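Working notes for the structure below.
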Amino acid sequence: MLNAQQFLNQFSLEAPLDESLYPIIRDICQEVKVHGDKALKMYNLTFDHTKTDHLEISHEQIKAAFDTLDEKTKQALQQSYERIKAYQESIKQTNQQLEKSVECYEIYHPLESVGIYVPGGKASYPSTVLMTATLAQVAGVENIVVVTPPQPNGVSQEVLAACYITQVNQVFQVGGAQSIAALTYGTETIPKVDKIVGPGNQFVAYAKKYLFGQVGIDQIAGPTEIALIIDDTADLDAIVYDVFAQAEHDELARTYVISEDAQVLKDLESRITKALPNVDRYDIVSKSIANQHYLIHASNFDDACHVMNTIAPEHASIQTVNPQPYIEKVKYVGALFIGHYSPEVIGDYVAGPSHVLPTNRTARFTNGLSVNDFLTRNTVIHLSKDTFEQIADSAQHIAHVEALYNHQQSILIRQS
């Protein structure tokens, strides 16, 4: 256990990406750019140990995956989809009917094409399809393309069923940096897209960083993380599994628990130690807990909030007797979960907001994925002659001050 100042003194995040990967990523991207599908099939065999004669999964296969899915899973995916869709519709930026007197305003248009990366390494993630493709669908994106790593037994039925529910246009079995390159450049089979979203490993993250500018991206994702503020009213057995749930994603997953009550932290530590040997996915969870788990004793409310805002975690959970004051004070988090019945895991699947959230302190300056990330925003300036005449002198004078005389002349010629 550390006090807040001790934690802050030692707190630092390693660079989210391993710079030594740069030449590997560059070579993969160049290979895909030059050799297209041939390179993708080679990398499927090299990295995923899977021979893929056909990169695209047919619409018939996608529909069959949904049709033959067990009813309980189908209903769960459908409920998640409906909640995500309803929430995203409620926050979507829309074009407003404006009075004729309004001379400057904004209009929104959906992106034409989007690529979605769905991880497929240590687990199957139909939830990622729902938390990304639904947003693109609500935005009105014309062409939604999913890429996901090939598996020896094929792409998981649940992932394909989620693609069917969200009306994804095409699904390709290709993963890693090579899939990001394919979506950026286009190949004989995979279409070039305008933007790529979705979480992935370091190779995926670095490829997105490397190719940004040639294609839009959502973020450079690092290891997943959660920070919780708790007091003596929190259910510590539930907190144990809030911590384990995050830790089971990745050995590098980070978990932080903050409390003003040192005894609560000691009790929690004891329960984690007791439960750990029997936890599912022990190899992953135990490494995360051993290396990336922190118990932090805060001296007061402001101290706890300061620590939380410094961490700027992907997920923040407040489980205290009176969580309301934290809603305004905790400013820099990907998503804020309030109360005993709002565990972070519910946000992973069915709450409504996307689970694609900023990591590695990037919540200090960016936000979680939303429907509005699939829209362009254009400003429209349509001035009347009267308005032009009211402001033209100021504009042409500023142009003169900046010695941009053609700018100035563009205005003067209209005044004459």
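Glycine too: its Cβ is placed from the backbone N, Cα and C atoms.
Per Swiss-Prot, the candidate among Thr224, Thr273, Thr376, Thr379 that belongs to the substrate site alongside Gln246, His249, His315, Asp348, Glu402, His407 is Thr224. Among the binding-site residues listed here, namely Tyr117, Thr224, Gln246, His249, Thr224 has its C-alpha nearest to that of Glu314 (active site, proton acceptor). When Cα-Cα distances from Gln178 (NAD(+) binding site) are compared across the binding-site residues Gln246, His249, His315, Asp348, His407, the shortest belongs to His249. His407 (substrate binding site) sits 45 Å from Tyr117 (NAD(+) binding site), taking the CA atoms of both as reference points.
In terms of local Cβ density within 10 Å, Gln246 ranks first among the binding-site residues Asn201, Thr224, Gln246. Put plainly, the binding-site residues His249, His315, His407 were compared by Cβ crowding within 10 Å, and the winner is His315. Separation of the C-alpha atoms of His249 (substrate binding site) and Asn201 (NAD(+) binding site): 11 Å, rounded to the nearest whole number.
Its Cβ placed at the centre, Glu314 (active site, proton acceptor) has 29 other Cβ atoms within 10 Å.
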